[in-house]
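So the structure is just underneath, and the comments pick up after that.
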Amino acid sequence: MFGVWTSCISWIGLGFGCWSLRFLNSRGLLSIFAMENQMKTVRDAPDVLDVNSSGIVGGGGMGDTYCEDAASDNQPFTPWTRSVASGVDLLRDPRFNKGTAFTDKERESHYLRGLLPPVVVDQELQINRILENVRAYETDLEKYVEVMDLQERNERLFYKVLIDHVEELLPIVYTPTVGEACQKFGNIFRRPHGLYISLKDKGHVLDCLRNWPEPNVQVIVVTDGERILGLGDLGSQGMGIPIGKLALYVALGGIRPSATLPVTIDVGTNNQSLLDNPFYIGLRHKRATGEEYDDLLHEFMVACKQAYGEKVLVQFEDFANHNAFRLLAKYSTSHLVFNDDIQGTAAVALAGLLAALPITGGTLADHKLLFVGAGEAGTGIAELVAMEISRQGKISVEEARKKIFLVDSQGLVTKSRFDSLQPFKKPFALDIAPISKLASVIKELKPTVMIGTTGKGGQFTQEVLEEFSSYQDKPVVFALSNPTSQSECTAEEAFKHTKGKCIFASGSPFKPVTYEGKTYTIGQSNNAYIFPGMGLGTTISGAIRVHDDMFLAAAESLAKEIGEDHLAKRQLFPSFTEIRDISAHIGAAVAEKAYELGLATKLPKPKDLLGYAKSCMYSPVYRQFR
Ligand SMILES: O=C([O-])CC(=O)C(=O)O
Ligand SMILES: [Mg+2]
């Protein structure tokens, strides 16, 4: 195969000078441009040929591992230019476009003369221009549209600005603004991004995947839009979430952009206001359920492996409880899959709890934990905490669960409700009389940690917080629901109503709080700390399954990032400015666990996993085109 292509390329290269030829391969259209007797291929098909600047053909296949593949993306000057279009096509391709940063030489050699204003600027100046424009907008939604437009125009600039200004831009491309963007997705719709797979595609899901232009996908984030953050059913408009999460996989975890695929499965929506909205982008009927739903999901899961192989990571995101748990159980033994809202959120919250121990004193097993909200996040965290207590204390998980209490919309989860409880709540049912009011639950059980995962704003009222802090000095309060509007309380309320005693974290970002002259930095207990590193770890090790122990390893790795400086400000999570380094550590810890569990396929195991993880991470610095 390689030899045939080599001679084909040489022949065209010698014979044609400046030409564009198109070949149809089995995966779709592969364009080949011949320029000045050099060949440059467009689009990296799995059997792509790499051509270096001196016209020597090399490569001949994307590396089997993530790293070999990523390495060519990372070199600021690569002779192994794999994919270069020319002329106006180059400007219109966000993967290669550099706008006014194309040098005069590049403009000359790539048929850009006259297509750009004469000025040549560097990436730094472009970043300053973008930031100035973004900052000039009044609303966060306008900022979101501006920044996401950049992703469609100039991918490397988008990631460079996001990485270099992560604290400022994360709340724009991610929670809370992405929530509002999803609510108004039909109104702000410009260009499609990601794959929309709907009931209309039944029987043709593999065709949808084959239409996606990138053949070497390594991470898929998929939602069915039924429970977008704490905002409920947003149908097809939930697409903003997979897009945002994957932008973070790249910016925070160093996954290559071309290896990411956002997917929304549209089976309808039960959101009447969207069904009535003329600008709604999805199927205009109520949600399909039962066999119809399961069949489409199954077709998708099978197609993922067919299209991208055994090692493609599928992240389930923002599915409703009734599907989230069973889909995870159904596919976790056959696919490399995890649920971010159950397992990612669990790992990040566990990291926060471990980080808090030097302040509270004692071990995790010394705490009594109350979960307010007993859905994916609540029971996900509860289970992982129970596993950690069991591991640390050498007791059974059943015994460890006794330190955990759940409250759902009906009140305390007790044995008296056993028959009607959803299966994921049953292991935590208490053998005591039912209590419906939250403040009364707290009074009765006297928990030391209270974690909100209700998806409903304002649940931690003044009464609740006062009661919770009435019998202890260091009450731990996590208000994890997103976006900010759904947070169980604000950071300010937490400090005020606990009289400055609390150790607080939230799912969405809050500004620092000053209480009685002391300023506290608010750590964001958001799965964004975990999933990028998880993706890095599974790809560099070639893992074929995700195991709970990998999440424990990720949580422990994240908790280690918290030092005395952080604790002095009661900050349980590091700043996002350090996240790429943190993701590399998490990636190495996850990969290490994958090897230990026999789930890794990249052999031999790299000697220095951390160094290897770092070397694999995508860098958005512009490449030069010769
Ligand atoms: O997206 C986020 O910010 C965290 C998350 O998964 C959710 O709230 O569903
Ligand atoms: Mg989520």
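First residue shown is number 1, and so on along the chain.
Just so you know, glycine gets a Cβ as well, placed from its N, Cα and C.
According to TrEMBL:
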DOMAIN    151-332  domain 'Malic enzyme N-terminal'
ACT_SITE  TYR174  active site, proton donor
BINDING   ARG227, ASN482, ASN526  (S)-malate binding site
ACT_SITE  LYS245  active site, proton acceptor
BINDING   GLU317, ASP318, ASP341  divalent metal cation binding site
DOMAIN    342-595  domain 'Malic enzyme NAD-binding'
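Distribution of TrEMBL features across the structure.
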| residue | record | CB count, 10 Å |
| --- | --- | --- |
| TYR174 | active site, proton donor | 28 |
| ARG227 | (S)-malate binding site | 24 |
| LYS245 | active site, proton acceptor | 27 |
| GLU317 | divalent metal cation binding site | 29 |
| ASP318 | divalent metal cation binding site | 27 |
| ASP341 | divalent metal cation binding site | 25 |
| ASN482 | (S)-malate binding site | 28 |
| ASN526 | (S)-malate binding site | 25 |
Taking residues ARG227, ASN482, ASN526, which bind (S)-malate in the record, the widest Cα spacing (Å, whole number): 17
Select the closest residue to the residue listed as 'active site, proton acceptor' from the following binding-site residues, measuring between CA atoms: ARG227, GLU317, ASP318, ASP341, ASN482. GLU317
Checking the binding-site residues ARG227, ASP318, ASP341, ASN482 against ligand 2, those whose Cβ falls under 6 Å of one of its atoms come out as ASP318, ASP341
Which chain neighbours of the divalent metal cation site, leaving out GLU317, ASP318, ASP341, have a Cβ atom within 8 Å of the mean position of the site's Cβ atoms? THR223, ARG227, ILE228, ILE241, PHE316, PHE319, ALA324, ASN339, ASP340, GLU376
Of ARG227, GLU317, ASP318, ASP341, which binding-site residues are close to TYR174 (active site, proton donor), meaning a Cα within 10 Å of its Cα? none
Relative to the Cα of ARG227 ((S)-malate binding site), which of the binding-site residues GLU317, ASP318, ASP341 has the closest Cα? ASP318
Nearest-integer angstrom distance between the alpha carbons (Cα) of ASP318 (divalent metal cation binding site) and ASN482 ((S)-malate binding site): 11
PLDDT averaged over every residue in the domain 'Malic enzyme N-terminal' (151-332): 98
Could you tell me the C-alpha distance between GLU317 (divalent metal cation binding site) and ASN526 ((S)-malate binding site) in angstrom, no decimals? 13
How far is it from ASN526 ((S)-malate binding site) to ASP341 (divalent metal cation binding site), counting Cα to Cα, in Å? 10
Measuring Cα to Cα, how far is ASP341 (divalent metal cation binding site) from ASN482 ((S)-malate binding site) in Å? 11
Checking the recorded positions ARG227, LYS245, ASP318, ASN482, ASN526 against ligand 1, those whose Cβ falls under 6 Å of one of its atoms come out as ASP318, ASN482, ASN526
